[in-house]
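Features as listed in TrEMBL:
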TRANSMEM  12-31  transmembrane segment
TRANSMEM  43-72  transmembrane segment
TRANSMEM  79-96  transmembrane segment
TRANSMEM  169-191  transmembrane segment
TRANSMEM  197-218  transmembrane segment
TRANSMEM  242-266  transmembrane segment
TRANSMEM  272-292  transmembrane segment
TRANSMEM  304-324  transmembrane segment
TRANSMEM  330-349  transmembrane segment
TRANSMEM  370-391  transmembrane segment
TRANSMEM  397-415  transmembrane segment
């Protein structure tokens, strides 16, 4: 005989179980949603724009050294010259992009610069080294031009307490796009597709990146002309930390060679696919570390010095020693992974710290100065790396390692006494 009382009791127990489970789930997700309030629509769109941009041009960054050295038959120092031109003149574009963003509106400058990045994609459609370098550099200058404005927008659409999380999320998606780029680059190369056509395919994600910026709800609070180009004051709360950081950034830039050099080193020791795959290791580590490091709010300056600049020196040393003693590709990958760790820390904490020690009305100029300082250093680094690498890769990595460690020392001195960053 069917026991209705037992059925009702079981039915009530099931309903109570569902109710309490639903209550727990709702409480959990309410807590998660409160914790994730920093992830606004504009923060997400800016990070998504970075994802698509890197999903495009990082394939070019990884493939360009292979294209220059192995396709066009140019010596390695020509590749170093190409990077020096792209980054050196790019420093001016970074600075003026930041200044013009403060004056005419960060959103306009970010969209303008981003819409010109696709010039990069045509660098594989020429047969001359000079033309390839010219197209690559022009697209890279456009990227430098938009970066300070984009970082400035991120600073304004996120609160000070959540800025590290926002920039960490930006870096994670930024680098995540790079991982996707290198993955499809390696797969398409494996199937025999020419780099020329792979470079053209990068147009698709780069255009999607611009569309994300166009979709932003953010509008500049100030109208055109509110900031004057001749204004000298940088309106900083802590000038010692700011200028010390710029000095450390420039010195680190002198050690920050393009990852094309490790790609070439590993490709020479193994093959082109192994060289390109090392870039995936670099990007994956950078993405994870950038997101994790962005969630912390304490000792940012010390983390930047030790986990950023100092770790970069160690990574270069590991690659150089591995090459010198013939330790094999595995140990070179370890060195590349350490470089990825340092890049994740640096790309997250540098803009976070700059945004915290700068006043909002000059944030574009401050971000532009940061980019310019880095690019000036990179200009010299790639020129020197190209020449020294031609003599011996070991000397090249030793040079980079020593300068990166020196940058860590300067950053520690500049941040001495700072407790609130």
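Keep in mind that glycine also has a Cβ here, set from the backbone N, Cα and C atoms.
Automatic, uncurated: that is what TrEMBL annotation is.
Computed from a predicted structure; not experimentally measured.
Long-range Cβ contacts of the transmembrane segment (330-349) within its own chain (Cβ-Cβ under 8 Å, at least 6 residues beyond either end) map to 164, 167-168, 171, 174-175, 252, 259, 262, 265-266, 269, 278-279, 281-291, 293-294, 300, 303-304, 307-312, 314-320, 322-323, 404. Contact between the transmembrane segment (242-266) and the transmembrane segment (79-96) holds: at least three of their C-beta pairs are under 8 Å, each pair 6 or more apart in sequence. Across the candidate stretches 43-72, 79-96, 169-191, 197-218, 304-324, the maximum count of CB pairs under 8 A to the transmembrane segment (370-391) is reached by 79-96. Only pairs six or more apart in sequence are counted, and the transmembrane segment (169-191) with the transmembrane segment (43-72) gives three or more Cβ pairs under 8 Å, enough to call it a contact. Within its own chain, the transmembrane segment (197-218) is flanked in space by residues 41-42, 45-46, 48-53, 55-57, 59-60, 63, 67, 107, 110-111, 114-115, 117-118, 120-125, 150, 153, 156-157, 177, 181, 184-185, 188-189, which lie at least six positions past its ends and keep a Cβ under 8 Å from the stretch. By number of Cβ pairs under 8 Å, the transmembrane segment (43-72) is matched best by 79-96 from the list 79-96, 304-324, 397-415.
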